[in-house]
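Notes follow once the structure below has been shown.
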Amino acid sequence: MTARLNRRRNRWRDWRRNWRRISAPWALVLLTTACAELTFTAVAVPATWLILPLLLVMYGAGVLLIREAVVRVGGGWPSLVLLGLAYQLAEDGLGLQALTSPQMYGAADWGLRFLGVNWSYWESQIGVHVVLSVLIPVALVDLLFPHRRDRPYLSRGGFIVIGALAIVGVLGLRTIVSATQDPGYQMPWGAMAVFTVLIIGLALLALAGVPLPHREEPGRTDRRAPRPGVVGFVSMYLTMAFLTTLLPLGLGPTMLFGDMMSPVLRLVIGAMTAVPFGLVVLRWRTAANWSDQHRIRLIGGILVSHTAFMMLGSVLGALLGALTLAAEVMLLIKLAKHVEQRESPASSVLM
């Protein structure tokens, strides 16, 4: 009897140990896919759920690879941003071919197309993927598992496997999504070469090139962040402003202000929205009163706004978006309470 109880205890102990080991990477895989697609594109285009396995590989493996690479070299948010840019080029440029295709998603009609490149689409996806695919999921997992914030999740073998899966994800986008949405299109070899060089250059700069300072002095008494609610409102407003400037409402046929805003002006206003927003956040995060509650409101404002944007295209999108928003708000409230009740001291995250 005693031996049987000991075996059960050992099995339970082993299960808990294994769960602790895999919970953080799996959380990142799931949150990345949810933030990037399931609470965004899937609201306006429910058929997105049909390619969920591919999305888990493409987004989950890709961002897990980025996070692991940055942690292993001791990088911070600049490295995450640079690898996020490389990731966006790999997905939209080499995988979907949407950066150069004149037909894919109708993106060429959203704004400026020049020298065979869909510039408005490119700018919008830089914001979407760097923030929603990389920075926010990584920050959320850091909030959930603060003790593993600066540690690798994977062994060397696991890191190699995830890298291979990320490549499979890009190939899957090319052979499944691009081939069905824009059959017969082949991006110019010159564009492919340029994108490849940019991806390699960004990766080298992030991981092995110019050293990038990533942690300003925290807790500066000469700076003060606004209340968490204000941070959330600002992030919600500016996210909506960015998306409505560059993308058709709810991915439908209508652009905000229509022809009243030129394609070049849309690019300029999009950049003038995103860049100052990023600089303000960088300043806030070094303030003495900056806390995890500020981070949660910042993230929450962005997530709520990006889901609400997709509700503007159709009645179905509005219904699905309302359900998605309810789930997001509920989970964010639970996260805020969890962080507030946690006894471990707050520490800085990569966002």
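Quick reminder: no glycine exception, Cβ is built from N, Cα and C everywhere.
Here TrEMBL flags 46-66 (among others) as transmembrane segment.
Among the features that TrEMBL reports, transmembrane segment is placed at 73-90 (among others).
Feature annotation from TrEMBL assigns transmembrane segment to 126-145 (among others).
Taken from TrEMBL, the feature transmembrane segment covers 157-177 (among others).
Annotation source TrEMBL lists transmembrane segment at 189-210 (among others). Sequence-distant contacts of the transmembrane segment (189-210) (same chain, six or more residues past either end, CB-CB distance under 8 Å): 69-70, 73, 75, 78-79, 82-83, 85-86, 89-90, 93-94, 99-100, 116-117.
Taken from TrEMBL, the feature transmembrane segment covers 230-251 (among others).
Among residues of the same chain six or more beyond the transmembrane segment (263-284), those with a C-beta under 8 A of the stretch's C-beta atoms are 111-113, 119-120, 123-124, 127, 216, 223, 225-226, 231, 234-235, 238, 241-242, 245-246, 290, 294, 298, 351. What TrEMBL lists as transmembrane segment is 263-284 (among others).
Within its own chain, the transmembrane segment (46-66) has Cβ neighbours under 8 Å at 25, 28-30, 32-33, 36-38, 80, 83-84, 87, 90-91, 95, 133-134, 137-138, 153-154, 159, 162-163, 165-166, 168-170, 172-173, 176-177, 316, 320, counting only residues six or more beyond its boundaries.
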